[in-house]
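Trainee: I have a structure I would like to understand better, so I am pasting it below and will then ask my questions one at a time.
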């Protein structure tokens, strides 16, 4: 169609105003071709839109007055921009498509200088993959070198290398030291690979490993491991501080406020020979370590309070002397021995290397000096715990993820580069130190690195102090940010004190970290602190590996990491290495750390706020559910595996308060249909009306119903259906609800006791329609009469549960009675089974058959056979049993109401000259059959009142609605059945068995 035709059509047809206040105008030929996207929110500025103006060539059959103009709002720098932006949204040419919010999502509004508030909480949309608007400037951002590599290098190169590494080589020997370094290095390297894979799978907020683990394994696991990792970082800071102070006091003994000399009987095992002798070794006083350690910690906290920018300016001042000291050590090793070197330093010698090849584990005192009577025995497992802190620190860069320019590039490159660099340096150092000095020198010289360093030991002392202070600074920087990230996620209310706004420094968390660090400094024992740190770090590393393993194994659609050098098997090996190292170090420390993490997990699951971060466990549950559903197939479930899946009608009849989405006793009854809480219920409510108009109301009602189900502690799901009528809604539900064999198999609803006073026509027709739909769909039906009197879990019932077993129902009625007995409310009751038979039936034979049947089903019940006179016998007899029955008045009243209703139908049919009709369908009335049905219900009701007037609950078979009978008649039959019975379950099973004889 040409433009002229479009214009004519637009002029001819009025354009109705759309809902929600949105206004459109027809696009005429005089309009420019404009693609304009504006905000869908009311009051948003159209100046924030992007208009792509296309100047089309004039069409061949264009009207002479059809002018092509350019939207003035598109002119750059137009003075009318602001005036145009204040216009209504009706000026948008393509609002019909509803894509206006695309501008906001892609951040294109920032082109006009307009700022959009980004979500601050992970629950407000943190997982939106596209950044909303222009990102707020939150402070300086750092690259790979200063943001990741330098912090990791500073954390890894700590006190252990300088004052313990030569001692480890002397104790374990060269080959076991190589194994030790490779073992620990492999653990951190595999963890680094897993960390790289997760970090490159999307945008990353602050919190480092906590953020990664929490989003992969859920908030409970994330918080528990995150808090343990925070403690590990805080305690690691104290270890580095103690190492710096101990080195300082060794270098400057006169600075000590307290002096302590330790006399050691040096009966050292050297190459299997015990060497006797006495030497005096001076060690720093514990009180000196405590005093100076507290002072240093306070000074470092002042630097941390200055922020990341100041820390990164100070970091090179700590790192450069460290690298220079390492260079001095290697130079000293290659030129050793010098003229003043101790006798044990042989220089690089193949003989010394061979002597130190094997291990020489022995006892030492608390200072690490070999002593046969010492209290500590060292072996490979203990050395793992001592050395492992020397390879930790790989998370230092990810801890500061909020300060990185590009986390997906910086974290993998920086972390793995630092890990490989330090591991290679450790392996090279093992070979050098093993060939440098004798075993005795390696074990007794606490600062052998300073002894051999060129040109003087003072260089190493300075390097050690700056190295440890730099590592302590990184720990005191990362730990508070980790704690603040946990607090900002608003999972634990107790951590609200440590929340910080975006771009602010975590001062409260820094003070708390300093307090923990000072407490550990007061302990003053370096060898006692290191295993504790190791456990916390290993827990975090195991969490990272397990997160990557789970994500890689599940391979969800959202799992698309840019880091391709990973595999789930590597993550699994990394996690197993972490666990093995934990138990190698100390099973007691492992149990304590796991218990602490478990307690935090339990506390978070109880007290924490619920959150859904799309974690791997949810994905695993989803895939497991899909796999289980496929494995079930569409075949019938075996009776041994049959579980009731009730579909509960929440508000079918009667009015409830607006804030109560479901009858309270329906939830109590749903719990009674489960054995030990196993099973699922589907709570359904139907809203009459148009879906387009009531869709939002249905969503709100679904949320309310779901919250109410949780409040009633009933395992189930909520569904709200919008349909023109209740019958149409139920027909849709019974056909489509569920998947495969996980479809509802029992329909539960209350009996419409109010039908007579509320609505005489609608409720009977709806009630009958629902029952007929269930029969056609082969669904079982349970109708609860006396729902208001149904007991809750605290109301104990006494008496009997009476079953009036009339027709074969697959054993559903028997199963329901057994399920009732499993509840505290009915556990004191006994079951009675009433078998209804006619006069010519052998009652004793029927009773024996039923007893045998119940015995085979492992059910204990008393069997009672009740003989009932048939309708034919009643008509032949001269006396009327109904006249002697208590229900005679109800019987005669029902007969009278049915006659009156039938007379009205006949009158209407004669007046309108059509057959008998009810609710638009033709009905056939056989008055003799009506009397027969009434009599049957009368006799059954009389029997129930005679035998079960005091029963806790009565279960009776549900008669199907007679074909082509008026719905009103069926309601009269049912009313006569339930007359004067306070609590009744009317049950109809289906053709499938739900119980079985066989094991």
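Glycine residues also receive a Cβ, built from the backbone N, Cα and C atoms like all the rest.
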Trainee: Could you check which of 89-110, 111-132, 221-242, 243-264 is flagged in TrEMBL as transmembrane segment?
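Mentor: In TrEMBL, the transmembrane segment feature sits at 221-242.
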Trainee: Under TrEMBL, which of the candidate ranges 353-375, 376-398, 606-628 is annotated transmembrane segment?
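Mentor: Within the set 353-375, 376-398, 606-628, TrEMBL attaches transmembrane segment to 376-398.
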Trainee: Check each of the ranges 142-163, 648-669, 670-691 against TrEMBL and return the one annotated as transmembrane segment.
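Mentor: Based on what TrEMBL states, transmembrane segment spans 142-163.
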Trainee: Quick test of your reading of TrEMBL: among 26-49, 50-73, 410-433, 482-505, where does it put transmembrane segment?
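Mentor: The listed stretch tagged transmembrane segment in TrEMBL is 410-433.
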Trainee: Among 3-25, 532-554, find the range that TrEMBL records as transmembrane segment.
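Mentor: My reading of TrEMBL: the transmembrane segment range is 532-554.
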Trainee: Labelled transmembrane segment by TrEMBL, one stretch among 289-308, 709-728. Can you tell me which?
Mentor: 289-308
Trainee: What average pLDDT does the predicted model assign to the domain 'SLC12A transporter C-terminal' (796-998)?
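Mentor: In the predicted model, the domain 'SLC12A transporter C-terminal' (796-998) has a mean pLDDT of 80.
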Trainee: Give me the DSSP three-state residue breakdown of the domain 'SLC12A transporter C-terminal' (664-785), ordered helix, strand, coil.
Mentor: 60 helix, 31 strand, 31 coil
